[in-house]
């Protein structure tokens, strides 16, 4: 191109052509932080000098982070503080600084005042004493990369809550008492419908047909029932969450007795024993007669050993088996797992009690089988739902919500946080020395 047709502007770095203007590339260096830190401009103000010092510290920190092995973060939490202000310019870790600092203790908490603890600064163990002074077990070298290692504590976990809720326990007790009374009313009515033993003998039974009746065996069975129930009362007395356990026991017994009242009245079976005493039938069954019979059964606690249970017809299903089975399940669920001898002993007592009931011809074999099956299913279903929060929520996939007593269950267990711990305590306020010597036991 002819020079007469082109004019160069050296000041702007452009070439002007007759037809077009061309920009030529020109490299301009604006510098870096390292250049500014190594060749700072002359200070014109104190604030500019302070900024220059901060930039220098930042550059040193960046270089040290790239070449220091301690900058690799593993499972610990590191906090980088390259721009901490200090009255001395670079002594940000100096304990003599008048500015308030934040210190971190071994548990990961922070506060605005100095407290006892220990932190690791650049591999040096800095200890902060209670009076605010600090000491170092190193050679006194100041930290170079401005890194503080903070130990992270274990994550906080909310413990499940087990509120006592005595009012709900009272409601469960009234529920159990009502259904127990309903069972006695059913028995008082069934007694008038029992087939006459002079015309109808016992039904064929694989056990009763091969074992002769022994009236004393019924007393032995009821003595074993008294032992089992007493053991459960002692367990409830010392359990820390006795209100929750009692509420569950009352509700389960209420459900079982309610179903027994209906099955007993629905199908009346002939008397299984030919020697058991049955009270004579009445010519009419008025309200007064039925009420007096029910009260008599309640006073005798449903046992024959005290002579109050003289009414026949309570067969499907066995109340003796229900009480014995609930006692064994309760002992197994709420006593320590390492107490296996006690668990085996409770089941042995249950089996012996059931066998003695049948030896006395107090129940048919089918009564015992149905009672065991119904009791264990209801007990295990209830505790499965109570131990899983998702089963306390009503939904199309939760088939437990179709149980007729599900709403009552959710009312009793909505605030229980999970599986009830096996903890025991002395429940009385006296004696004080016993409370201090034997605190809560977690088994």
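Placed from the backbone N, Cα and C atoms, the Cβ positions cover glycine too.
Remember, it's a predicted structure, so these values are computed and weren't measured experimentally.
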Margin query: For the annotation transmembrane segment in TrEMBL, which listed range does it cover: 170-190, 191-211, 275-295?
Written below: 170-190
Check: Which residue range, 120-151, 312-343, 344-375, is the one TrEMBL calls transmembrane segment?
Finding: 344-375
Check: Looking at the ranges 14-65, 66-117, which is given as region 'Disordered' in TrEMBL?
Finding: 66-117
Check: So what pLDDT does the domain 'Sphingomyelin synthase-like' (312-384) average out to?
Finding: 93
Next item on the list: Go through 216-238, 250-272, 344-375 and flag the stretch with the largest number of C-beta pairs under 8 Å relative to the transmembrane segment (170-190).
Entry: 250-272
Check: DSSP says what for the domain 'Sphingomyelin synthase-like' (312-384): how many helix, strand, coil residues?
Finding: 56 helix, 0 strand, 17 coil
